[in-house]
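K.L.:
Features from TrEMBL:
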ACT_SITE  CYS76  active site, nucleophile
ACT_SITE  HIS139  active site
BINDING   ASP36, ASP37, CYS76, ASP286, ASN287  Ca(2+) binding site
DOMAIN    28-352  domain 'Sulfatase N-terminal'
CARBOHYD  ASN201  N-linked glycosylation site
CARBOHYD  ASN421  N-linked glycosylation site
MOD_RES   CYS76  3-oxoalanine (Cys)
SIGNAL    1-22  signal peptide
Amino acid sequence: MAACTAAQQLLLVLSALGLLAAGAPQPPNIVLLLMDDMGWGDLGVNGEPSRETPNLDRMAAEGMLFPSFYSANPLCSPSRAALLTGRLPIRNGFYTTNAHARNAYTPQEIMGGIPNSEHLLPELLKKAGYTNKIVGKWHLGHRPQFHPLKHGFDEWFGSPNCHFGPYDNKVKPNIPVYRDWEMVGRFYEEFPINRKTGEANLTQLYLQEALDFIRTQHARQSPFFLYWAIDATHAPVYASRQFLGTSLRGRYGDAVREIDDSVGKILSLLQNLGISKNTFVFFTSDNGAALISAPKEGGSNGPFLCGKQTTFEGGMREPAIAWWPGHIAAGQVSHQLGSIMDLFTTSLSLAGLKPPSDRVIDGLDLLPTMLKGQMMDRPIFYYRGNTLMAVTLGQYKAHLWTWTNSWEEFTQGTDFCPGQNVSGVTTHTQEEHTELPLIFHLGRDPGERFPLSFNSDEYQDALSRTTQVVQEHQKSLVPGQPQLNVCNQAVMNWAPPGCEKLGKCLTPPESVPEKCFWAH
């Protein structure tokens, strides 16, 4: 028999998964809704008492809720790099080696970005005929070689970074907004955000971009990938005039209500166009709620400890909902350990594509879980910078290191875990536990407050299993070049005491103290 063509192979894969709906265009459309700093506890379906997310709650009721779904990092940019590559930030280069493990991306200082050697999801989806659009925050590099249209996207409306600011000087200018290759304005200028009232029309602009793209691609009968990466819930939070003052939760709640309304409109359009059964939609967040901005501009992490920037559950456990009418049965709750990196592999599977075979892919294909209820054993690794801080296996989480933020920051009012001090756990120095990890049973103790007794049989059994997983992971790990160590010398005009000013901000050689290299 003659070998199958690529198209025939795709049809066979889709048929085996039961995805061939009569008359539906193939392969299915993919819509990934990625929020910014939105917490696990912000959804009514997860117990938020004000119940102000009716559309997201309905999405969960019509699809599958993942209560144990994780980011790949407790900060924005590494998490986004992980989603689009299916790989841990330590592998794809979106991390730092500086001693403070602060791996945020700010364009005034950081000059690195997503390496050309990485294969991004939109690049791969183009092989299956997808048209790809990003709406909102890119955050994987602002220099020309890192532009999203050079990495598989066909369209972009948004910004290379978050809406920080306002910056009103030449050293730190306001963040630009792009339509495809053209800069069309800046935040706080052509795209105003009122810092006093919180009023901004950005979410409505982002919503319209999504709706227009869906309509256009439907008319073209072209499979599409929409990556809707908006940032209204990242401080300074904002909402449009019609939503301001409408939430019981204040301005942050106003932003959540507008997001919920927008998601409802996106799902309704898919249904009205008759393509909901041929469109896979997934909703999640890039990291936990930023408690440093709470209570006025930060969300809720529910019962979990701490928040953004930490590797406690509040920093990396995310709200997560899969929706695909006619394929994912309604009203499902899966306790599968999921990761934002799984969206890469699952999306490729939907398109009938295989992940790249020349590199380690950390994401799993969740279609067997979503369609057939299958459960898969897998670890969740928690990194800060290049340090493996913790690992979860099943219900057990082992902390190899504990740290919130430094005493210096804490005494100056910066607190990543406000009101959540747990003695010996929420430490303000970097405490190593690699020989005797702190182990928690997340089913009984989701708040990570009661570590298992070192002498118990339960501890010894959990230690044995997690130690093996960590050793296998670290033995085969090949770190990528740390892109968030590549700094802009024009603004790096300070060095720690005892350090000479260096010509480059790169991975330090052994002869130079690590504290001489920094990234913000």
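Including glycine, each Cβ sits where the backbone N, Cα and C put it.
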K.L.:
If you draw a 10 Å sphere on the Cβ of ASN201 (N-linked glycosylation site), how many other Cβ atoms land inside?
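P.N.:
There are 16 of them.
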K.L.:
Roughly how many angstrom lie between the C-alpha atoms of ASN421 (N-linked glycosylation site) and ASN201 (N-linked glycosylation site)?
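P.N.:
Distance (Cα to Cα, whole Å): 38 Å.
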K.L.:
Quick one, of the binding-site residues ASP36, ASP37, ASP286, which Cβ has the fewest other Cβ within 10 Å?
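P.N.:
Result for the binding-site residues ASP36, ASP37, ASP286: minimum number of other Cβ atoms within 10 Å at ASP36.
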K.L.:
Ranked by the number of other Cβ atoms within 10 Å of their own Cβ, which of the recorded positions ASN287, ASN421 ranks first?
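P.N.:
The residue with the most neighbouring Cβ atoms within 10 Å is ASN287.
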K.L.:
Determine, to the nearest whole angstrom, how far the Cα atom of ASN287 (Ca(2+) binding site) is from the Cα atom of CYS76 (active site, nucleophile).
P.N.:
7
K.L.:
Just give me the nearest neighbour of the residue listed as 'active site' among the recorded positions ASP36, ASP37, CYS76, ASN201, ASP286, Cα to Cα.
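P.N.:
For the residue listed as 'active site', the spatially nearest of the recorded positions is CYS76.
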K.L.:
Can you grab the distance from ASP286 (Ca(2+) binding site) over to ASN201 (N-linked glycosylation site)? Cα atoms, rounded to a whole Å.
P.N.:
22
K.L.:
Quick one: pull the CA-CA distance for ASN201 (N-linked glycosylation site) versus ASP36 (Ca(2+) binding site), whole Å only.
P.N.:
17
K.L.:
So how many other Cβ atoms are close to CYS76 (active site, nucleophile), meaning within 10 Å of its Cβ?
P.N.:
27
K.L.:
Rounded to the nearest Å, what's the C-alpha distance separating ASP37 (Ca(2+) binding site) and the residue listed as 'active site, nucleophile'? Just drop the number here, would you?
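P.N.:
Between the Cα atoms of ASP37 (Ca(2+) binding site) and the residue listed as 'active site, nucleophile', the distance comes to 8 Å.
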K.L.:
Looking only at Cβ atoms, how many others are within 10 Å of the one on HIS139 (active site)?
P.N.:
29
K.L.:
What Cα-Cα separation, expressed in whole Å, is found between the residue listed as 'active site, nucleophile' and ASP36 (Ca(2+) binding site)?
P.N.:
7
K.L.:
Cβ within 8 Å of the Ca(2+) site's Cβ centroid: which residues qualify beyond ASP36, ASP37, CYS76, ASP286, ASN287?
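P.N.:
Nearby residues not in the site list: MET35, MET38, SER71, LEU75, SER79, ASP231, HIS234, SER285, ALA290, LYS308.
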